[in-house]
Every structure is written in C-alpha cells, then in structure tokens.
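Everything on this sheet refers to the single structure shown next.
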Amino acid sequence: MPQAVSDGGENLNGSDVGGSQALSHYGMDSTGYSVSFPPKKSLLKELSSTLKDMFFAGEDPLRQYKEQPSWFKRVWLSLQHVFLVLEWGRHYTLSMFKGDFVAGLTIASLCIPQDIGYSKLANLPPEIGLYSSFVPPLIYTLMGSSRDLAIGPVAVVSLLLGSQLQNEFDPKTHPLEYRRLAFTATFFAGITQAALGFFRLGFIIEYLSHAAIVGFMAGAAITIALQQLKGFLGIRKFTTNTDIVSVMKSIFKSAHHGWNWQTILIGASFLGFLLVTKYIGKKKKKLFWMSATAPLISVIISTFFVYITRADKHGVAVVKNIEKGINPPSASLIYFSGPFLLKGLKIGVVAGLIALTEAIAIGRTFAAMKDYQLDGNKEMVALGTMNVVASLTSCYITTGGFGRSAVNCAAGCRTAASNVVMSIVVLLTLLFITPLFKYTPNAILSSIIISAVLGLIDYKAAYIIWKVDKLDFLACLGAFLGVVFSSVEYGLLTAVAISIAKILLQATRPKTALLGNLPRTAIYKNIEQYQEVTTVPRVVIVQVDSAIYFTNSNYVKERILRWLEEEEERQRQQKFPQIECLIVALSADVLLLQQLWLTLTQVESTPWRSCSEHLRSAKFS
C-alpha cells in the first residue's frame, strides 16, 4: 500500500481520507470531535458584525459609554475621547513642563526661519508661514495623541501646494485669488483628513506603500533643492516648472548675466555652516541643539551682515517687509461656491493625503521608539480639525514634519505641550520681531531649506528595498523619477498606481513554493531556501501564500500543475517512485504542516496522466 507522511508520521491511505470526508459530512473532523456550526444570524446582525470587524476590529465602539452609570460621566468620557489633553493633562507635572519648555524653545528657533522659507516655497507671503506655526499647533495639542509630533508647514506639502496653485493663478499678478485658493485647499484638506478619521477609513493611506513614499520623498527633496537655486544663486527670472530639465535650462540660461556673486557667497557660507552643525548633531546626540539653533543663528548673522554692508543695494535679494500682528480671520476668503470650489477641493484632497501620510508615519515612528500607543484615527481627526481651523485663520496646510519632530524628541519633550511653547514664541515674534527680518537675505532661507530637505533622501532605505523586494524598488524608482522628471502630481500618481498594481499582482499571483521535510523533525520548509530538507517519497507538498478565490483560482491551479509536472519529470529521471499524492498547504505558518489533503488518485489503480487530467478539469472557488 502506498503511504504519505503527515506531521505526526502516521500512515494514511485512501480509506482514511474518505473516512475523514464522511465524518466531516456528519459534523465531525478526522479526529472524531464534533464540529459545530455558527449560530444563524439575521441579515442586519450579520451586516453589523461585518462592519464592526472591518472598522472597529471587532470591538463595540459604544461599550465604554454603556458601562458608565451617569450621563455626566458619559459626556466627560466623550470629551476626553475628542480632547485628549483632558486625559493626559490630569497627570501633568512640573518635571514634564521643564522638558516641554526646553523642547518648545528649541523647535521655535528652528521653525521660525523654516516657516518663512516654506511659505516662499508655496508662493505665499512669509507671515502666512509664521501664522501656520501659531494657531494649528495649539489645536493639535488639545486633540493629538502623539507626544513628539511638532506641527507646522513642511517642505513637501508646501512644494505640492505651490505647484498646483500656480497652475490656476499667478501669485504675482493675482495674489489675493491665489491666497483665497490656498485657504480653500487647506479647508478641504482638513475636511478630508477629519472624515477619514471619523469614519475610520485610515486604511486608504496604506495604499501608498513605504517604498513609494521613500521614492516620492527623495524626488521631492531634489526638486525642492533645485527650486532653491533661484534664491541661492540670486536669479531673478526663473521657471515656474518643477521638473529637473526645465530647472537646469533656466539655471544655465541665466549663468552669464543672472547670477549674483554676493548672494552665492552668503548662501554657500551658511549652507556649509548648517551642514557641519547637522553632522555634529547626528554624531554627538548631546549636541543636538547645535543643529536646532543653527538656522536661527544663520538668519541673525546674515541679516546683520546685509544691514551693515547694505548688500541689498548690490543685488542681494532680501525678504523685505513681513506684516506685523496675529492671524487675521480668513473665513470670508474661502471659495464655498463658484468654479474654484472644485479646484480647491481637488488640490486639498491630494495635499491633505500627503500631509496625513507624513504625519502618521512620523508619529508611529516616535511612538514605537518611546513605547506608547498612537491612535491613528484620533490623529487623523486632530490633524483634520487643525487644518480646518487653520483655513479660517489665514494659515495654509500644516502637518508634523520629521526634522522638527526629531529635534523635539531629542530636546526632551514629554507631551504635546511643547507645541504650545513654540506657538507662544511664534506669537511674540509676530507681535514684536517681524520688522527685524526686513534685511534677511533670500539666500539664507534657500540654504536652510536645502539643508533641511537633504535629510528626506533616504538612500539606505532604498538600498534595503532593492535587496528585499525588486517590485517594491520599482515603485520607489517610479515615484522618484516621476517627481524629478515630470512634476510632484505625476510622481504621486505614479507612486499610487504602482502601489495598487503591486497589491493586485500579489492578490492575483500569489507565491507558491515546494516544501520538504527537515530531517528528524515534523517541520516542512521551502526547498529553495533550506538545502537540508528532503522531499517526501511519492508526495508533492505545495504551499500557497494566499487565500484562493475567483481572481487567482486559475493561476493557482496552473501553478500547482506545473509543480506536479516538474516533479514527475524529476522523479522519472532519477527513477524514483511515481507521485501519488498532493498536499496543498494553505496556511501562511507552516512550522507544523497541517493535514490538508487533496487526493488525486486511488493509490494503486489510477495512472498519473488521469490524475493530471482530473486536476486540469477541477474548478477552484
């Protein structure tokens, strides 16, 4: 009698399998234990259970409210659920405040020059960049769940917003309309983010894979750095396109008459200073404050130098006037009707998703480092509410930036209250210090942005992606090339398209592997990865790394057939016994191979060819 090997080593014959099938028919498995059917549910209960599993991981979202004895506690619990400061604020101590105070002052020194530079990247007045680091961080402190996220404008979103807005209005000839569309996009970015969190649809951003984000960020960093060459070289006429070909043409066309050597000297000197301090801060963690305060020091020194030398009269472009005072209301400037409503909606949705993806990824990174829980849906609601309020107070899209969040963490922040300290410093700057930025050279702002975005090029992550998964690297490369050689929008579209294509490919073409037995164990492993494994005589064991359903059933059947034909040929060449049984392992974990048998033949009477024909005619569903 022919035999097959199970995980226990016992012999199984055709009658055993038939008996197991008979037992299963009568509600019993092969071990003799009864198999109970799940209780029948009504359509409404079944639908409710499915939605609960999908959006709430099987948990009743109202359970904690039902357990409260009074309505007052229920209301208080609801407020704590929305405004997380009510929960962690009860345990706030003086030692926490000391850490948050130092961290807030540190990130304020970093964010003030960055905000002025990022607002120029978005083609907005510099005071709007400062406004965006005053109101939004206060809202996030009330609702956010991350202790380390530092809120404010970021380079990638500023570039994306600026490149899309200038397709509708020229910021120089139509500054008011341009600003109105920016506030409209910010409003809808916030609505999009809050809606995703409220309806627990945050899984949508997971379609943008890590590999695609790495490539997109690297491409955006290069694009941003190239855009800053206008201020770095002192070029007055510069292309509005963001692709590398147009930018390089614009640079070389102005090489003979458009470059200003005084501007280049200022920019190059302080760029070197910023890069050196950043390097020291990375090598010696205790000196992180050098890289954090270097941008503000550069602004102060360069502004003083331009003022005493009057370099602005020799071709050095300066910031000029920054409006003094706090954020004016801007609700009346938002397009709630008309043709620009849909344009603002489109720009806001795209920019909002990118801002959300960056903030969630950064927040999860620091939460894992400090071992605390980050609620993704609450974070989306907090970021969305923050941007809705921002659009009503003359701010543009803000999120959590990696650079300032890393500084915030290194400076010893304990809670989100460090954002409050930063906001107060920005407020004081808006009220009293903005006139002092009149002689700040644009070159120093370009140097600050270039030094900041260089950290977005994560070549180590790209190399790891290349080593682990070539298809993931294709998504990374596609996003990078799309941003660099076309535009930020097409690069993002390429990243999403490749990510979704990979998901569909993996779903419709699951990986299969031939398994063998590790000697003296009941463990079965991939024969291509473990050279010590041995195949089981007369048996082919195939692992399928996915559930079988209508989109991949034909592929799985054909792939199993190919394994069978290859093994039959190998057995015939080596004069081994004929293959008689096929085991298909449908579990992802095959440390102990379960007894899942697909019987192709009665062992002694059915020839192999008829088994192959039987499998070809079978239908998987």
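Just so you know, glycine gets a Cβ as well, placed from its N, Cα and C.
TrEMBL lists 178-199 (among others) with the feature transmembrane segment. Non-local neighbours of the transmembrane segment (178-199) in the same chain are 55, 122-125, 128, 161, 164-166, 168-171, 205, 330, 333-335, 340-341, 343-345, 347-349, 351-353, 355-356, 376-392, 394-397; each lies 6+ residues outside the stretch with a CB under 8 Å from one of its CB atoms.
Sequence-distant contacts of the transmembrane segment (211-229) (same chain, at least 6 residues past either end, Cβ-Cβ under 8 Å): 121, 155-156, 159-160, 235, 242-244, 247-248, 251, 357, 361, 446-447, 449-450, 453-459, 461-462, 465, 469, 472-473, 475-484, 488, 491-492, 495-496, 498-499. Residues or ranges marked as transmembrane segment by TrEMBL: 211-229 (among others).
Positions annotated as transmembrane segment by TrEMBL: 259-280 (among others).
The transmembrane segment annotation in TrEMBL covers 287-308 (among others).
Packing against the transmembrane segment (347-368) from elsewhere in the chain are residues 145-149, 154, 156-157, 160-161, 164-165, 181, 184-193, 196, 202, 204-205, 208, 213, 374, 376, 379-380, 383-384, 387, 397-402, 405, 409, 489, 492: each is 6 or more residues past its ends and has a CB under 8 Å from a CB in it. Residues annotated as transmembrane segment in TrEMBL: 347-368 (among others).
TrEMBL lists 380-399 (among others) with the feature transmembrane segment. Using a Cβ-Cβ cut-off under 8 Å and counting only residues 6 or more beyond its ends in the same chain, the transmembrane segment (380-399) has close neighbours at 82, 84, 119, 122, 124, 128, 131-137, 139-140, 143-145, 151-154, 157-158, 161, 182-187, 189-198, 202, 327-331, 334, 348, 351-352, 355-356, 358-360.
Residues annotated as transmembrane segment in TrEMBL: 419-437 (among others).
Using a Cβ-Cβ cut-off under 8 Å and counting only residues 6 or more beyond its ends in the same chain, the transmembrane segment (444-466) has close neighbours at 113-114, 116-118, 120-121, 155-156, 210-211, 214-215, 217-218, 220-222, 224-225, 228-232, 266-268, 270-271, 274-275, 278, 295, 298-299, 302-303, 319, 402-403, 472-473, 476. For 444-466 (among others), the entry in TrEMBL reads transmembrane segment.
Summarising the annotation, TrEMBL assigns transmembrane segment to 478-505 (among others). Sequence-distant contacts of the transmembrane segment (478-505), counting only residues of its own chain at least 6 positions beyond either end whose CB sits under 8 Å from a CB of the stretch, comprise 156, 159-160, 163-164, 207-209, 211-216, 218-220, 222-223, 241-245, 350, 354, 471-472.
The domain 'STAS' annotation in TrEMBL covers 529-588.
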Confidence summary (mean pLDDT) of the domain 'STAS' (529-588): 83
Folded-back contacts onto the transmembrane segment (259-280), same chain, C-beta under 8 angstroms, at least six residues removed: 231-235, 287, 290-291, 294-295, 298, 301-302, 305-306, 311, 314-317, 441-444, 446-448, 450-451, 454-455
